[in-house]
C-alpha cells in the first residue's frame, strides 16, 4: 500500500467512510484554529498593531490642551508666549516624528529578528512602548514638552518594529489554509486601536486638560499584557528550523500552534524548504532588490505599500469635523459622531478577516481601491455642491463612511499579508524592511504634503487620491496573482513568467518530488546555490 492509499485509509477511518469525507475535511478545517494560535494572534496584535492604531488617533482629542501646554512651558522659559509659527512647527514635529521613528524601527527589524527571533523581537519591543508611555505621561508634570516629542519618536520605533515582526510571526505560525484570516488580525487590531484612541479621548473619559497625559500613559497596559503572556507561547517553528536548526523545537512549536500531535506533514514541508535554503544566508535589502527571481514581487510590495498610505484615508480625517459641522451636527456632539468612523473601520476589518479565505486577496484589494476611487469622486461632487441642498452634506457623511469601509475591507490589511507570502524565509526580513520603509516614508510624505495640497485644491484634492486608487487597482488587476492557499513555491511560479527567471528553489522542489516518486536519494542543492550565486543573491 503506497502513501496515498495509507492517507486515504486514515481519512476513511477518521470520518467513518468515503461518504463522510467532506465532514472530515470540514472538521479538520475547524481544527486549524487551535487555542494557542488564537492566543498568539490576539496577544501579539494587542501589544503591537493595536498600539500603532491607538497612536494614530490619540493625538487628535487633546490637541488644544497639548498646544496650551507647549505655550505655557515656552512662557515659563522665555517670559513671553510662543510664536504661532513656532507652535505650528512644534505640533507638526510632534505628529510627524511618529513616522520618522517608524522608519528607524523598520530598519532595525532585520538585525533584531535574526538574533532574537520573531517572538522575542515582539517581547523586546515592549521596552520601547513602556519607556515611551512613561515619558509622555510624565511630560506635563515635569513641565517638559520635549519628553512628549521624544516619547512619540520612541513609540514610532515600536510601531516600525511591530508592523514588520508581527506579520512575519503570524505568517510563519499559521497553516496556509487560514494564513490570510490570521494575517488580517494585524489590520483588525489597528482599527480597534484607532477606535480606542477616539473613545478614550472623549471629555467624559481622558480627553480633559487635567487628564490628557493619561491618554498616553495607558499605552503601557497592552505592552505589559504582551510581556506577561507571549513568553508562554513558542517561537516561530520556521525560525527555529531555518535559523536555529532546531528540528525538535520546531516540531513542538508546530504541535502547539496546530493543536495536534502528528505534524509530520507540516514538518516535512518545512524541511523540504529548509533543505533548499540550508546553505543560503539571510538576503540583504540590496541583494533582494537585485534578484531577478523576485523582481515583480518587490515591485508589487512597493506599490501595495505606497497605495496603502497614499490612497487618501489619512486625508479623510482632516475633513471629517467640518463635514459633520456643515451637516448640522452641534460642535460638541461631533466627537461622538466621529466614533462611528472608528466603529466602521473595525467592522469592515473583521468582515475582511471572515471572507479573505473565501474570496481571496485579489478581489478584496482591487475591489477596495476601486470603491474608494468611486466614493472619492462622489465626495468631491458633494463637497462642491453642499450648499445647493440641505441633504447634500449628509451624502458627504455617507461617502466618508463608505471610503473608510472600502479601505478596511481590503487595502487596510492585505499589504502586510502579501509581504509575508511573496518571499521565502531567507528573503522575508529584507522584504519587510523594504515594505516598512515605503510605508513610513509614504506616511511622512502625506503628513507633510497634504496641507499644501488641501490649500491649493480644496475639496478637489480628493480627485488626486481617486487617481491613485484607480492606478493601484489597475496594477493589481494585471499583475497580482491570487495567493490564497498557495505555497511559496506556487506563488513564485505565478510570478516566474513576468520575472523571466525561474525561482531557484524550483529545481530542488522538482528533484524532491521526483525523489518521493522513485524513492531515490536526496538531490544536492548545489544547483540551487549556483543559481543564486550566478545572479549575485549570495
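Cβ from N, Cα, C; glycine included.
Here the structure is a predicted model, which means the values were calculated and not measured.
For 1-34 (among others), the entry in Swiss-Prot reads topological domain 'Cytoplasmic'.
Residues or ranges marked as phosphoserine by Swiss-Prot: 3.
What Swiss-Prot lists as transmembrane segment is 35-54 (among others), and the listing cites sequence analysis.
According to Swiss-Prot, the topological domain 'Extracellular' annotation covers 55-88 (among others). Residue counts for the topological domain 'Extracellular' (55-88) under DSSP, split into helix (H, G, I), strand (E, B) and coil, are 24 helix, 0 strand, 10 coil.
Taking a C-beta cut-off of under 8 angstroms and a sequence separation of 6 or more, residue 55 (N-linked glycosylation site) has the following same-chain neighbours: 98, 152, 155, 156, 159, 193, 197, 219. Residues or ranges marked as N-linked glycosylation site in Swiss-Prot: 55 (among others).
Around the Cβ of residue 71 (N-linked glycosylation site), the number of neighbouring Cβ atoms within 10 Å comes to 17. Summarising the annotation, Swiss-Prot assigns N-linked glycosylation site to 71 (among others) and lists sequence analysis as the type of evidence.
Taken from Swiss-Prot, the feature transmembrane segment covers 89-109 (among others).
Summarising the annotation, Swiss-Prot assigns topological domain 'Cytoplasmic' to 110-120 (among others) and lists a curator's inference as the type of evidence. Cβ atoms under 8 Å from those of the topological domain 'Cytoplasmic' (110-120) belong to residues 161, 164-165, 168-169, 172, 230, 233-236, 239-240, 243-244, 282, 285, 429-430, 432-433 of the same chain, restricted to positions at least 6 beyond its ends.
Residues annotated as transmembrane segment in Swiss-Prot: 121-143 (among others).
If you look up Swiss-Prot, you'll see 144-148 (among others) marked as topological domain 'Extracellular'. Residues 66, 69-70, 73, 90, 94, 135-136, 138, 216 of the same chain sit 6 or more residues outside the topological domain 'Extracellular' (144-148) yet have a Cβ under 8 Å from a Cβ within it.
Per Swiss-Prot, transmembrane segment is recorded for 149-170 (among others).
For the topological domain 'Cytoplasmic' (171-181), the list of distant contacts is 29, 32-33, 37, 40, 118, 236-239, 253, 257-258, 266, 353-354, 356-357, 360-361, 414, 417, 420-421, 428, 484-487: same-chain residues at least six beyond its ends, Cβ to Cβ under 8 Å. According to Swiss-Prot, the feature topological domain 'Cytoplasmic' maps to 171-181 (among others).
Positions annotated as transmembrane segment by Swiss-Prot, on the basis of sequence analysis: 182-200 (among others). Note on the transmembrane segment (182-200): residues 37, 41-42, 44-46, 48-58, 60-61, 163, 166-167, 170-171, 173-174, 206-207, 215, 218, 335, 338-339, 341-343, 345-346, 348-350, 352-353, 356, 408, 412-414, 416-417, 420 of its chain, located 6 or more positions outside it, place their CB under 8 angstroms from a CB of the stretch.
Averaged across the topological domain 'Extracellular' (201-211), the predicted model reaches a pLDDT of 88. Feature annotation from Swiss-Prot assigns topological domain 'Extracellular' to 201-211 (among others).
Under the heading transmembrane segment, Swiss-Prot lists 212-233 (among others), citing sequence analysis as support.
Sequence annotations record features per position, and here Swiss-Prot assigns topological domain 'Cytoplasmic' to 234-297 (among others) based on a curator's inference.
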Query raised in the report: Does the transmembrane segment (298-319) come near the transmembrane segment (89-109), with 3+ Cβ pairs under 8 Å (pairs 6 or more apart)?
Result: no
Query raised in the report: With the transmembrane segment (149-170) as the reference, which stretch in 121-143, 212-233, 334-356, 363-385, 391-418 has the largest tally of C-beta pairs below 8 Å?
Result: 121-143
**Report entry** Of 121-143, 212-233, 363-385, 391-418, whichever stretch has the most CB pairs under 8 A to the transmembrane segment (334-356)
**Finding:** 391-418
Report task. Run through the topological domain 'Extracellular' (201-211) and tell me, per DSSP, how many residues are helix, strand and coil. Result -> 0 helix, 0 strand, 11 coil
